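Student: Have a look at this one before I ask anything.
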Amino acid sequence: MKRRLDDQESPVYAAQQRRIPGSTEAFSHQHRVLAPAPPVYEAVSETMQSATGIQYSVAPNYQVSAVPQSSGSHGPAIAAVHSSHHHPTAVQPHGGQVVQSHAHPAPPVAPVQGQQQFQRLKVEDALSYLDQVKLQFGSQPQVYNDFLDIMKEFKSQSIDTPGVISRVSQLFKGHPDLIMGFNTFLPPGYKIEVQTNDMVNVTTPGQVHQIPTHGIQPQPQPPPQHPSQPSSQSAPTPAQPAPQPTAAKVSKPSQLQAHTPASQQTPPLPPYASPRSPPVQPHTPVTISLGTAPSLQNNQPVEFNHAINYVNKIKNRFQGQPDIYKAFLEILHTYQKEQRNAKEAGGNYTPALTEQEVYAQVARLFKNQEDLLSEFGQFLPDANSSVLLSKTTAEKVDSVRNDHGGTVKKPQLNNKPQRPSQNGCQIRRHSGTGATPPVKKKPKLMSLKESSMADASKHGVGTESLFFDKVRKALRSAEAYENFLRCLVIFNQEVISRAELVQLVSPFLGKFPELFNWFKNFLGYKESVHLESFPKERATEGIAMEIDYASCKRLGSSYRALPKSYQQPKCTGRTPLCKEVLNDTWVSFPSWSEDSTFVSSKKTQYEEHIYRCEDERFELDVVLETNLATIRVLEAIQKKLSRLSAEEQAKFRLDNTLGGTSEVIHRKALQRIYADKAADIIDGLRKNPSIAVPIVLKRLKMKEEEWREAQRGFNKVWREQNEKYYLKSLDHQGINFKQNDTKVLRSKSLLNEIESIYDERQEQATEENAGVPVGPHLSLAYEDKQILEDAAALIIHHVKRQTGIQKEDKYKIKQIMHHFIPDLLFAQRGDLSDVEEEEEEEMDVDEATGAPKKHNGVGGSPPKSKLLFSNTAAQKLRGMDEVYNLFYVNNNWYIFMRLHQILCLRLLRICSQAERQIEEENREREWEREVLGIKRDKSDSPAIQLRLKEPMDVDVEDYYPAFLDMVRSLLDGNIDSSQYEDSLREMFTIHAYIAFTMDKLIQSIVRQLQHIVSDEVCVQVTDLYLAENNNGATGGQLNSQTSRSLLESAYQRKAEQLMSDENCFKLMFIQSQGQVQLTVELLDTEEENSDDPVEAERWSDYVERYMSSDTTSPELREHLAQKPVFLPRNLRRIRKCQRGREQQEKEGKEGNSKKTMENVESLDKLECRFKLNSYKMVYVIKSEDYMYRRTALLRAHQSHERVSKRLHQRFQAWVDKWTKEHVPREMAAETSKWLMGEGLEGLVPCTTTCDTETLHFVSINKYRVKYGTVFKAP
């Protein structure tokens, strides 16, 4: 996982850059720095990145209040409102307990001129809070409705803000997380706190109330110590000694939520390990806070229930059209992504989607919905303007954010009272002596580009402006300069101390000593003498920024060599061995997984989330172990001091390691707690350990308890989040499978697939000048016939619930799935007498007329005894092997068969996976029983015993039936797709993705079936198959396929004529060795008639010569002379007979010919046809020629013996002659011995006999070998 540069070191070192809430001394005297920068700054992100990519951490727990609301109305609003306070020593997290720390007098604050605003929350906060309420009270819908009624009453001004707080507190009694979460939507000055005794404290402007079970009762409370502080601030605690300041309390684990919605902050981490990003949400919430609504007076934000009601209105309006709602979300998310890109680019990026385009797309989406469109316009006030970054600027002008989402005030441009610095000098402010007059509200907010540096510099002093100009020129990067200004912004907001500011800007100004010294003098900063003895860390960080590593020497892809001109930093602790073996030349440039161009190698969002959890867990562990190591060292010192006398204790001193082995570890542990005062604490430990060690040790142990308690809470959150995303992180294919599979299952994609294969064959044949190869274009397999029943059951289940399909069509579909398809696939037929549909399928008969009632204007369904798709010939082939079925289909039938095969294949894969898991489970239990001697139940696995996994409601043996039930529930809409996918992942892990689109697949199949039973051409295709099936032209055994070639050719011609306007596919279902193979071939049905006159003349001449048996073309004579296709002796006999007939006709002897023809029966009805496009001759079915002599069989029996002996004598005479010439007597004798098995060694013991027999009137020698019993050697 890609780590930040500052995270690659131990988190202990990062503590120097972070402000610890428990330490407040550093804020007692601080200056403000005014930079001549544009008045709009980008939100301060978690890390501030310089121009070269080096990033610097910002304190994660700081949260500075926004400008309070000046409106007279106080009530819940979508805004992240916190108390205005100049010393953010206490942070009130959402859902956490009150955090207290030292209180210090606040400097006077000048009144803010003009209308004041508070930061607006996104609509996700409201939606997530509603989702949490809905989840909490899932079994009590009335509570959720009452909450919405309270919000509506407040909107109508029926109740005030205290009334809302009282009613919400009573409604959510017993749920402190919901009550505390409601603080997010309260105006400034109001705060709700839940006590341990279930009492609710409500802080209102001026006093604090307690809400008992019956309402609000004012309770006397001490007045606030600081009038300038809003009363929502926690009561200050008495001041404590400086060496032991009070640290911020960490939220208790009971307040940590198992599933943190987007609207709630993750429980506040200590300053060591704050989660850097919210958890990945499976469903992105709706965000419609695109701009400031012009219809809301005084620039009020969009109200809580206004946004909720609008979103709910869209959901309800398009309840039957979920695609519109999804498209609406997609438009908003695309717009927000563009705005984020524009914000990150700093004004150098033009969004591809403007507000005008957003409004236009929503207008097209909400056509004829004027009320929704007009209401949406409230969220896009500048839809008709051309401001590039209106939304981004509006958010930036209001505030900048730290990494916890807290609101940080914008730098004020009005005069502030000057405060004396530590060295007595004063910091000059903007010119002017009084408050500036109110600024009139402009119709549009200025964009970032409209505010120039020159305008901003008018408010600065010449020396300061000159300094910032030098800094901008020295940094030579706009991004680095903006990061430098961000440091000043958060210092002006008193988020960081002066020392931390100097440390943050040192990477920018460290390599410019003159500017850096001027800046430190301007701040009045003096380095502490106690810290001079410690080595400076990262002193050469600025130097690394000047090196151009792209031009340096490379070693592989991960290392760069430092240039020779680079001056190595001095190191006094190196030995000669260190100088010999340590690397000072090569710098590591690793290749991160996120930088890969291959999508398959990148981590998914769920993997990234788990990696972040592990990073946070690691950082927290490092901090805890560092603190524990320091505790052990100090305990050892305390034990040693207890054995010393008072005089020895007074003389006892510690070195820089504080009694341990490392200077850095213990110093970082103390700096994490005492912050700026850590140097004094360390100095006290070294000089006076007898007094300082017990105090510091007590402090460390207290923090150890707090952090351990926080760790337990975080472990719960991390565990739940890991469980939520663990299975998704393993599934790499499921993320993109749904989107890609939807495209694959489209009818157009299936047709394009086979058409592209057909075109490739045609092009290949054209290039090679060869004939087009004949054969199937696709070959698909049906591996298991049992799956056909499950596929048919799912399809019929969905068909039953389709109101758009007529009852008669449903019955036809049922017959196709239970009878017709199994017959094609040589499978067992299904049962049509479904008990579930007995009453539904029965014909409703009118009692008066006795005629079947009509449904939707169509006659009742046919009786069950009538089978519309009877295929008796195919049924006979079911139990045979090496058989086939032939089916010529159109587009709809082809698409249906493709989808049906995909469905069966996926069901088989899920079924096979379930069987494998059953086998693994059985093997594991068998191994535990035999090897470990443990016999456990099915639901008693080690993971469940250790509470690492929740017990499943379904046994492994029931996974496949449970999967089928879930598919039915998904088709019926009883479960949503996310719940369905999560359940599948839990059962089948990474193999579940193949079934994510099962509902879409079945719906596509049902649509094709509806076409098959209702479309005229599809019905004719089916009828043609059934008719040809009766003629024996649709299949049979493979070894007799040639005998049916004429019938199949006729079937093909009829199918091509029927489907002349669309594709014609030849489907062959071949059963071999128990498996069924489906082959698909796209036929060419286009006839291309030749217009060449030469070809036409040759064709006419060919037909004429063929019809006349007297003449033959010269080409044919020449071809027959070279390669005759008949026996020449037959030709001689025919010619001899012809000459004999001609001679008899001349002599007038007609009696013999008539007598010869009397005993002969003949038929001459053979017909043929020619295909004009290919000149191919095709014989007509049931036309034939034959000739038969009545006495031919009798005469053959009578002459059989004579003919057989004559032929044998002729053959024997030829053999004897050849043997006499080529075979000597010795060879003939050897042959006789070999036949009798004599004179050969190594033969199995046997006896050979020779008997003479007569076969077909001829004597033959019959040799018989009889083997003896073979005894094997022991």
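Residue 1 is the first one shown; counting continues down the chain.
Placement of Cβ uses the backbone N, Cα and C atoms for every residue, glycine included.
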Student: Can you tell which of Ser277, Ser506 Swiss-Prot marks as phosphoserine?
Tutor: Ser277
Student: May I ask you to indicate which of 85-110, 1021-1046, 1099-1124 is given in Swiss-Prot as region 'Disordered'?
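Tutor: Residues 85-110 are the ones Swiss-Prot records as region 'Disordered'.
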Student: Within a 10 Å radius of its Cβ, which of these recorded sites (Lys134, Lys564) has the fewest neighbouring Cβ atoms?
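Tutor: Taking Lys134, Lys564 as the recorded sites, the minimal 10 Å Cβ count falls on Lys564.
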Student: Is Lys134 (SUMO2 cross-link) helix, strand or coil when read with DSSP?
Tutor: helix
Student: May I ask for the distance between Lys564 (SUMO2 cross-link) and Lys134 (SUMO2 cross-link), taken between their Cα atoms and rounded to an integer number of Å?
Tutor: 66
Student: Where DSSP helix means H, G or I and strand means E or B, what are the helix, strand and coil counts for the domain 'PAH 1' (119-189)?
Tutor: 50 helix, 1 strand, 20 coil
Student: Provide the three-state DSSP residue tally for the region 'Interaction with SAP30' (459-526): helix first, then strand, then coil.
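Tutor: The breakdown for the region 'Interaction with SAP30' (459-526) reads 52 helix, 0 strand, 16 coil.
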